[in-house]
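Colleague: Sharing a structure here in structure tokens format.
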Amino acid sequence: MDKAQQDALKKAAGIEAAKLIQNGMIAGLGTGSTVRFLVDELGRRVKEEGLEFTGVTTSRRTQEQAEGYGIKIVNIDDVDHIDVTIDGADEVDKNFNGIKGGGAALLWEKIVATNSNKIVWIVDESKVVDTIGKFPLPVEVIPFGAGQVVKKFEAKGYKPVLRLDANGEPVRTDENNYVVDLHLERIDHPQELAQDLITTVGVVEHGLFLNMVDQVIVGDPNGPRVMDNPNK
């Protein structure tokens, strides 16, 4: 699948998901390439249909895009609930376990998700996998002692790589932390791994989102298809 085909599937999923947002809602808006198409469609609806809703974003990038369309964006602490959050995912398996954080927004994404009544992911078909882990697992760490955390991960065989930008500098999250990507190839015991990561001193959050999502909208060549989590 080339990039144009993949973008077409992402756009279709984003447009389908935008239908979930109705007047008066408080909606969480995620981060990433698929979410950009979602926000484009919501911006169109605001302009052409008079849609009025309030957004809570998981990154400054999404906030800037949404505000460019005139969408009202507020801080998460200014709302008492979030009706639905729509976000992307880097991988999702049949058990509705996912990896997120390819865009370095995993901490804000998880905070918004855990405060949402409903969580929806939008992905193209390449993101649906049998077993998660082929996509490197992002882990957000504080800069102080980051090298020591990397050494601990190396000793455990997690194959960590500090994420760098085009200038060779560590990528910074919106909270000014670093991201370490774990090249695991496959994750057979995600719950155990999640517990090990979050109890490592220096780790702020990890990109494992386990059985959190309620619904996945998949951009498919035959049209968007919906996967509902039977456990939710």
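Cβ coordinates come from backbone N, Cα and C, glycine included.
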Colleague: Among Lys3, Lys118, Lys127, which residue does Swiss-Prot annotate as binding substrate at the site that also has Thr31, Gly32, Ser33, Thr34, Asp87, Gly88, Ala89, Asp90, Lys100, Gly101, Gly102, Gly103?
Modeller: Lys127
Colleague: Please report the Cα separation of Lys127 (substrate binding site) and Glu109 (active site, proton acceptor) in Å, rounded to an integer.
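Modeller: Distance between the two Cα atoms comes out at 18 Å.
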Colleague: How many other Cβ atoms sit within 10 Å of the Cβ of Ser33 (substrate binding site)?
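Modeller: Other Cβ atoms found within 10 Å: 16.
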Colleague: Cα-Cα, whole number of Å: Lys100 (substrate binding site) versus Glu109 (active site, proton acceptor)?
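Modeller: Cα of Lys100 (substrate binding site) to Cα of Glu109 (active site, proton acceptor) measures 8 Å after rounding.
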Colleague: Other than Thr31, Gly32, Ser33, Thr34, Asp87, Gly88, Ala89, Asp90, Lys100, Gly101, Gly102, Gly103, Lys127, which residues of the chain come within 8 Å of the substrate site, judged by Cβ distance to the Cβ centroid of those residues?
Modeller: Gly30, Val35, Val123
